[in-house]
Every structure is written in C-alpha cells, then in structure tokens.
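Asks: Before I ask anything, here is the structure I am working with.
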C-alpha cells in the first residue's frame with residue numbers, strides 16, 4: 001500500500017513539474033508567436049509618426065482625448081494647416097492613425113493594387129461590433145455587392161424610370177402632403193423615407209417598398225447604426241469592444257437587425273424558390289428580378305447573409321444620397337434664381353421626349369447645378385479610403401507602412417487654380433464643356449471633383465443614384481415650393497472627415513400646380 005501511495009505521489013509531482021514546465025514555456029511561446037507582430041506594429045507606428053501631423057503636441061494621446069477630439073471636431077482646420085506645408089500628412093482619427101494624401105496622388109492610387117478599400121470601412125465603421133454587420137459585409141463581400149450594383153441594378157433603368165417615379169410620388173404625398181398651404185417637415189427624416197421607399201422599389205420589389213413596417217425598420221436601422229458609429233468614434237479604441245454591449249444605439253441596432261431578419265427571411269425564401277424554378281425552366285430574366293434574386297444568382301453558391309446583404313445596399317443607397325438631396329434643396333432656397341431655369345429645362349425636355357430614362361439623364365443645367373452643390377459640400381472631406389497592403393514608398397520617399405489607413409483629401413474641389421471663384425455657387429459652372437470637360441455629368445469623377453470617389457474607389461451605385469435623384473428633383477420642381485423654416489439655413493455637422501446637413505433641420509413645403517403631369521407621360 002505504501003508503494004502505491006509513493007507511486008501516486010511521484011505521478012502527481014511529475015504532472016506538477018510538467019505544468020510548471022509548460023508555464024515556463026508560455027513567455028517563450030508568447031514572444032515567438034506575438035513578438036514579430038508586436039515588433040511590426042511598433043515599426044509601423046514609428047514610420048507613421050515620421051509623417052508630419054498638424055495636431056497639437058500631446059505626448060499622452062493614448063490616454064487623453066485631445067487629439068481624437070481635435071480630429072472629430074476640427075478636421076477641416078487640420079487639413080488646411082497640414083497641407084499648407086506639405087502633400088502628405090497624418091491625422092490621429094478616433095480609430096487609427098490615418099495618412100492623408102494631397103489630391104495630386106489620386107491618379108497614382110486610382111488603380112494601384114497595393115491599396116485596398118476592402119477593410120477600411122470595416123475598421124472605420126466598426127464592422128466587428130454585433131449589430132453593425134452590414135458595414136463589415138462591404139469588406140467581406142465587396143465583389144458581390146459591386147456586381148449586384150454594377151451588373152444588375154445599374155442595368156434596370158428602362159423599367160425603373162416608371163416604377164421609381166410611382167414610388168417617389170407615393171412617398172412625397174406621405175411625407176410632404178398635397179396641401180397648398182405651407183407645411184413644416186423634418187427635412188432629413190422626410191428625404192430619407194422618400195429615398196428609402198424608392199430605392200427599395202428597385203432593390204426589393206413592390207411588396208416591401210410599400211410595406212410601412214419594413215420601411216420603418218430600415219430607416220430606423222440606417223439612422224441608429226450611423227449614429228452609433230459616430231458615438232463609438234468618440235471613445236478610445238480599446239474600450240469599444242466592451243462599451244458597445246451597453247451603448248443604446250448599438251443595442252437598438254442589434255434589435256432592429258433581428259426585426260429585419262424576421263421580416264425579410266420569408267421573402268428571401270420565396271425569392272430563392274422563384275429563382276430556382278425560373279432558372280430550371282429557362283425563364284429567368286435579371287431585369288424582372290430584385291436584389292434578393294440578384295444576390296442569390298451572383299453569389300453562385302457562395303455563403304452570405306441575405307438580410308445583412310439587403311441592409312448593406314440599403315445603407316449604401318440612402319445615407320449619402322439623403323445628405324446630397326438635403327444639401328441640394330437647401331442650395332435651391334439660398335440660390336432661387338436657378339429654380340425657374342431648371343423647371344423650364346425639365347418641362348421642355350418632357351414635352352419633346354416624354355418620360356424616359358434618356359430624358360431624365362440628359363438635362364445639362366440640372367447636371368451642372370447638382371454637380372456644383374456636391375462640389376461645395378461633398379459628403380466627406382476625403383475619398384479613396386483604403387488600407388496599404390504592402391509597404392509603399394511615395395515619390396518623395398515617404399514610407400506608408402503595411403496596414404496603414406490611407407485617404408485622399410478632396411480640397412482640390414475648392415482649389416482656386418482649378419475653379420474660378422471656388423467658394424461661390426455657380427450653377428452654370430459645369431455646363432460649359434470646354435472649361436471642365438471631365439466633369440460635365442453628375443456621375444463623372446475626376447481628381448478635381450471626387451464627390452463619388454475616383455478610379456476603382458468610385459461609387460458603383462452613382463449611376464442609379466443619378467437616375468433616382470433626378471426623378472425626385474423632377475417631381476419636386478414641378479409639384480412643390482420649398483423654403484427654410486424659422487431656423488434658417490440648415491447647419492452642417494462635421495465628425496472627422498464626414499460633413500452632413502443637420503438631420504434635425506426643418507423646411508417649409510407646399511403643393512403647387514404643375515405645368516405638366518408626369519403621370520400622364522408614362523408609357
């Protein structure tokens with residue numbers, strides 16, 4: 001018995017020795033596995049900090065909010081200060097250090113595979129946070145999203161011209177009314193609901209486009225998730241993985257995503273069966289389908305979340321477009337001398353050519369006025385957002401380390417060497433093809449007008465947005481008058497690079513007697 005007891009004791013001691021040996025090896029394993037990664041992070045940080053920064057000196061920026069608050073609240077000033085002395089600067093954003101390049105580098109980046117836009121939105125929009133999955137979907141399924149937009153959505157213009165108009169007409173009646181007396185409306189909320197309904201008509205068909213419950217879920221998700229992202233940017237990055245579990249906007253986003261899932265899954269299953277039968281019978285036509293079918297078709301068996309996919313396109317199609325429309329409406333109140341010429345151009349085109357996509361898309365003055373509105377107040381101060389996939393050396397020997405966040409400043413949109421009187425609104429600026437031939441159309445992109453991005457970073461949905469916003473503007477020009485409420489011109493809210501019209505702004509609208517009825521022109 002004693003022998004057995006000693007043997008058990010020795011076995012226990014041996015196990016303890018083994019455990020201590022393993023514990024002793026842990027630091028070695030830690031250094032071996034994580035050491036190179038930690039070293040690379042440090043090396044990248046050293047190279048990044050060599051790039052000049054316009055921030056105030058703050059040696060405790062890791063634990064204080066000085067530089068982060070400066071970026072969020074004073075980004076425009078930082079950009080002016082930084083580019084006054086160089087073409088490459090570094091800003092301390094809320095989520096990372098960002099290398100900001102002068103517009104002169106846009107041509108170099110437009111097709112450079114060393115810079116990838118895939119993971120930038122995931123990092124900037126906190127795609128890893130539960131409830132914000134649509135922002136990660138843009139990263140993980142970027143090719144699928146681009147194909148759905150460029151190969152399907154952008155090719156449905158002929159039928160879309162009528163059904164978008166019908167959806168917009170219905171939404172306008174609900175949001176702005178038919179009263180000839182002035183009526184106060186919440187500008188951002190009204191425009192968002194109008195554009196959500198019209199976009200969903202193209203993306204999800206008539207059933208969901210006129211479903212008030214679904215429209216409410218979707219618009220709430222867009223507003224709540226964007227608000228949540230903006231709020232989380234104000235926090236130190238290391239706190240986000242914890243705080244989001246308790247943040248009200250993140251919690252609400254998760255609940256809305258669950259409601260969206262319950263609402264959309266039955267429609268997805270139905271469309272999936274219809275697609276299977278149509279392809280089996282050889283009767284499938286992409287132009288007769290919607291985004292449920294397009295995703296399923298182009299995914300070609302690849303795994304994806306159909307609900308997140310729908311919300312991804314919804315956010316992409318409506319958030320920045322809503323801001324543009326709010327700015328356009330504000331500009332038309334500030335510069336009312338363009339209203340009647342725009343109406344005259346539209347009425348003449350409709351009388352001569354009827355209600356067709358080609359008619360709506362060929363309105364030179366409207367293109368120019370929209371382009372000018374976007375030039376003076378784009379949705380962001382920088383575009384072509386990307387992540388360096390390798391160490392990159394710029395022409396002036398500046399090193400951008402691998403995994404660094406990179407963005408191109410859009411300050412050339414107000415450059416006096418490019419535009420005459422750059423701070424003045426000139427609605428006829430782009431109508432002259434000899435002055436700015438590369439920017440005649442609202443959808444055209446260039447180094448000096450990156451309202452939709454540039455190169456491979458350009459927004460693939462801008463052609464659909466062009467049609468949709470012009471249809472909405474046509475209805476507004478013919479059917480409504482609008483002016484500022486007592487609060488006056490809506491303020492511009494900034495958060496880092498983003499600059500949007502105050503979503504709480506109010507506007508007064510009233511119905512007018514149109515010179516020509518759009519509905520009478522439908523073919």
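Every residue gets a Cβ built from N, Cα and C, even glycine.
Got these off Swiss-Prot a minute ago, pasting:
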BINDING   459  heme binding site
CARBOHYD  178  N-linked glycosylation site
CARBOHYD  281  N-linked glycosylation site
CARBOHYD  403  N-linked glycosylation site
TRANSMEM  16-36  transmembrane segment
Asks: Can you tell which of the recorded positions 281, 403, 459 lies nearest to residue 178 (N-linked glycosylation site) in space, using Cα positions?
Replies: 459
Asks: Please report how many Å separate the Cα atom of residue 403 (N-linked glycosylation site) from that of residue 459 (heme binding site), as a whole number.
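Replies: A Cα-Cα distance of 23 Å.
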Asks: Where does residue 281 (N-linked glycosylation site) sit in DSSP terms: helix, strand, or coil?
Replies: helix
Asks: Could you state the CA-to-CA distance between the residue listed as 'heme binding site' and residue 281 (N-linked glycosylation site) to the nearest Å?
Replies: 35
Asks: Please identify which of 178, 281, 403 has the densest Cβ environment, defined as other Cβ atoms within 10 Å, among these glycosylation sites.
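Replies: Going through 178, 281, 403 one by one, the largest Cβ count within 10 Å is at 403.
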Asks: What's the number of neighbouring CB atoms sitting within 10 A of the CB on residue 459 (heme binding site)?
Replies: 19
